[in-house]
Amino acid sequence: MESGKAVLGVVDYVIFGLMLVVSAGIGVYFRFSGGKQRTTEEYLMAGRDMPMLPVTFSLMASFVSAITIIGIPAEMYRFGTNMAYLNFGVVIGVVLTTYLTLPVFFQLQNSSIYEYIDRRFGKYARTLTSIGFVLQAILYMAVVLYAPALALSAVTNLSIRVSVVSIGIACTFYCTLGGMKAVLWTDVLQASLMFIGILAVIIKGLMDLSITQVYRKGYDGGRLLFPSFDYDPTVRYTVWNILIQGIVLSLTGNAGSQIMVQRLLTMKDISRARMAMFLSIPMSCGFHLLACFAGIIIYARYADCDPMSDGSLSSTDQIMPYFMMSSLGDYPGLPGLCICGVFSGSLSTVSSTVNSLTAVTMQDFIRPYLESRGKSLQNMVRGAKVLTLFYGILGIALTFIVALFGNLLQSALIVFGLIGSPILAIFILGMCTTRTNEKGAVIGLLSGIIISSWISFSATSHGPPRELLPISVAGCPSLNSTVNEIMDTPTSLSPYAVTTTAMPMTSMENEDDVFILYRISYMWYSLIGVVSTLVVGYLASIIINILKGKTEDVPLELISPMAMYFWNKEKMASQEKKANKNMSLGLQEVLHSEAPDATNVKKEIKANESKIKETIMETMSNSWIFCF
């Protein structure tokens with residue numbers, strides 16, 4: 001395959017077809033078994049009695065998509081091992097999710113997490129956040145649909161259009177028939193195929209090159225890196241932006257997204273849901289590290305002859321499937337198995353997204369409309385299936401726009417940052433503060449989206465090129481030179497048209513002429529969305545409360561227990577400090593009184609101490625976090 005595209009063999013196509021048939025069969029099975037999807041509760045929430053195994057696999061398969069399988073090895077190839085350290089932030093984000101937001105969602109037991117926004121703020125805030133999620137989910141679904149299509153087009157003559165349509169139809173079929181149960185159990189199959197595919201790549205790579213050779217080539221090529229501690233926000237990867245990006249990305253995907261929370265709510269109680277999340281951590285992080293290792297192996301394989309430079313590939317996003325076919329092509333069935341792993345990463349994410357889009361649309365838009373007319377949503381399963389079919393088709397259509405974005409991983413993270421991060425901030429404001437009101441939340445959400453969009457769109461259109469690590473073509477048969485530096489030009493993104501535009505710069509000195517915000521690393525975009533929403537939303541709420549002259553009461557069940565504990569602890573420390581001061585003053589006053597009686601002094605001190613402690617307990621029982 002070194003000189004052109006390879007063609008998948010019959011065995012490869014049989015394996016790929018078998019994967020689609022089994023996935024579809026799972027959908028058919030759950031259509032005619034159990035409750036037979038007769039109620040929206042069973043169709044969308046699997047009856048809330050799912051076992052831990054499929055939920056754990058689904059959490060991993062939904063979080064780890066085809067973007068990970070294709071994008072992470074490409075990042076290792078171009079920028080080194082910096083992204084491997086993202087896992088530290090992801091773990092922190094998962095732990096925060098289990099104690100910050102999950103208890104509130106389990107107590108409310110809503111099918112849509114945006115019903116919380118309605119109860120906490122109001123219907124306008126709920127509508128806005130629901131629309132934001134729908135837009136984010138559709139765009140991200142299109143990105144992950146495009147990824148495996150790109151993989152297939154890089155190794156066969158099958159067009160991207162045919163690939164997208166075939167994958168999308170298969171996914172939509174089993175989602176529509178089997179509902180949430182089919183989605184969860186197909187995720188078990190697809191997660192297993194993802195692990196098999198990535199392990200096949202690693203094992204074959206280590207058969208061709210020893211671990212010592214991989215290490216030596218990676219080290220000599222500058223790929224084995226530890227992120228710098230530089231505080232410069234324009235540096236693409238640092239310890240700080242990787243850690244924070246991991247935390248925000250994890251919170252956005254787990255705490256502030258319908259996709260993950262809906263899966264957790266299919267379980268009976270919160271203890272099982274927490275255990276499922278904790279079990280998914282080693283699976284998700286382990287797969288991420290395997291993808292990173294695969295990227296280093298691929299670099300070691302092509303360290304002396306870069307496929308991009310010799311014309312074999314048009315994009316480094318094709319490097320993973322290219323390696324699959326060039327290294328595994330002599331083993332019938334293995335290329336097909338690896339391609340199934342890539343497609344599985346897409347299918348699992350798309351199926352979860354389609355199901356969640358249906359739940360949000362039914363609960364946040366159709367249900368209020370029906371209830372206003374005295375009708376029930378309980379028997380609207382047919383409508384839910386129509387919505388599932390609609391979103392599947394829409395995702396297929398939008399994929400052809402995403403094909404113009406360029407870098408897959410960066411595009412996916414930008415989509416998350418634009419909408420997902422501000423929505424996450426709204427949940428934080430709702431669960432961790434009591435002074436935030438609906439108008440402030442809406443103002444904050446819109447501000448966060450506008451600021452994030454402005455920076456990301458402007459950066460991709462006007463930002464400076466990014467430097468790639470050195471690559472070599474000294475070992476290529478047709479080339480005998482070394483490329484010391486290649487510039488990675490950002491994708492040009494506009495709200496009216498999406499194009500990939502090369503922006504030549506004669507010198508890196510021109511970078512100083514670019515506005516500082518446009519030079520910020522894309523790893524900061526998500527944090528910018530969160531912080532801008534939090535600050536603007538909270539300050540706007542304070543101003544509105546002052547103008548109104550009052551602060552609305554917030555029911556206890558809408559506040560995070562973790563936030564309550566934190567602010568209670570701060571309040572108690574303040575009260576104890578004040579009490580100790582009062583006790584000291586009271587003691588001095590008694591001791592300095594004329595002719596004090598020792599017995600009376602002791603009684604006075606004990607009385608004051610008891611009174612102050614009672615005051616502290618009474619204050620704490622009534623104040624919890626209202627000070628914030």
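The backbone N, Cα and C atoms fix where each Cβ goes, and this holds for glycine too.
Marked as transmembrane segment by TrEMBL: 6-30 (among others).
Among the features that TrEMBL reports, transmembrane segment is placed at 51-72 (among others). If one looks beyond the transmembrane segment (51-72) by at least 6 residues along the same chain, the residues whose Cβ comes under 8 Å of a Cβ in the stretch are 83, 143-144, 147-148, 150-151, 183-185, 187-188, 190-192, 194, 197-198, 253-254, 259-260, 263-264, 266-267, 272-273, 275-277, 279-280, 283-284, 287-288, 291-292, 295, 317, 320-321, 341-346, 348-349, 352, 407-409, 412.
Annotation source TrEMBL lists transmembrane segment at 127-152 (among others). Remote same-chain residues near the transmembrane segment (127-152) are listed as 65-67, 69-71, 112, 114, 117, 158, 160, 163-164, 167-168, 257-259, 315, 317-318, 320-321, 339, 342-343, 345-346, 349-350, 353-354, 356-357, 360-361, 364-365, 391, 394-396, 398-399, 401-403, 405, 408, 411-412, 415-416, 418-420, 422-423, 426, 442, 445-446, 449 (criterion: CB distance under 8 Å, separation of at least six residues from the stretch ends).
Annotated transmembrane segment per TrEMBL: 158-180 (among others), in sequence order.
Per TrEMBL, the feature transmembrane segment maps to 192-215 (among others).
The annotation transmembrane segment is assigned in TrEMBL to 235-255 (among others).
If you look up TrEMBL, you'll see 276-300 (among others) marked as transmembrane segment.
For 334-362 (among others), the entry in TrEMBL reads transmembrane segment. Beyond its flanks by at least six residues, the transmembrane segment (334-362) meets 6, 8-9, 11-16, 19, 23, 40, 44-45, 58, 61-62, 64-70, 111-112, 114, 130, 133-134, 137-138, 140-141, 144-145, 147-148, 151-152, 155, 167-168, 170-172, 174-175, 179-180, 183, 186-187, 189-191, 193-198, 200-201, 204, 257-259, 262-263, 320-321, 324-325, 328, 377, 380, 383-384, 387-388, 391-392, 395 of its own chain at Cβ-Cβ distances under 8 Å.
Nonlocal intrachain contacts for the transmembrane segment (383-405), taken as residues 6+ away from its ends with a CB within less than 8 angstroms of a stretch CB, comprise 40, 43-44, 138-139, 141-143, 145-146, 149-150, 160-161, 164-165, 168-169, 171-172, 175-177, 179, 350, 353-355, 357-358, 361-362, 366, 411, 491, 493, 498-500. As annotated by TrEMBL, transmembrane segment applies to 383-405 (among others).
Marked as transmembrane segment by TrEMBL: 411-429 (among others).
For 441-459 (among others), the entry in TrEMBL reads transmembrane segment.
The transmembrane segment annotation in TrEMBL covers 522-547 (among others).
For the transmembrane segment (522-547), same-chain residues at least 6 beyond its ends with a Cβ under 8 Å from one of its own Cβ atoms are 233, 236-237, 241-242, 244-245, 248-249, 252, 410, 413-414, 416-418, 420-422, 424-426, 428-429, 433, 435-437, 439-441, 443-445, 447-449, 451-452, 455-456, 459. Scored by C-beta pairs under 8 angstroms, the transmembrane segment (158-180) has its highest count with 6-30, from the stretches 6-30, 192-215, 235-255, 276-300.
If one looks beyond the transmembrane segment (6-30) by at least 6 residues along the same chain, the residues whose Cβ comes under 8 Å of a Cβ in the stretch are 37, 155-157, 166, 170-171, 173-179, 181-182, 185-186, 189-190, 193, 325-326, 329, 332-333, 335-337, 339-340, 343-344, 347. Counting only same-chain residues 6+ beyond the ends of the transmembrane segment (276-300), those with a CB under 8 A from a CB of the stretch are 52, 55-57, 59-60, 63-64, 68-69, 72-77, 81, 83-84, 86-87, 90-91, 94, 97-98, 102, 191, 194-195, 198-199, 201-202, 205-206, 209, 213-214, 217-218, 221, 223-224, 254, 264, 267, 319-320, 323. Listed by sequence, the residues of this chain that lie at least six past the ends of the transmembrane segment (192-215) yet keep a Cβ under 8 A from its Cβ atoms are 19, 57, 61, 64, 69, 224, 287, 290-291, 293-294, 296-298, 300-301, 320, 323-324, 327-328, 331, 334, 337-342, 344-345, 348.
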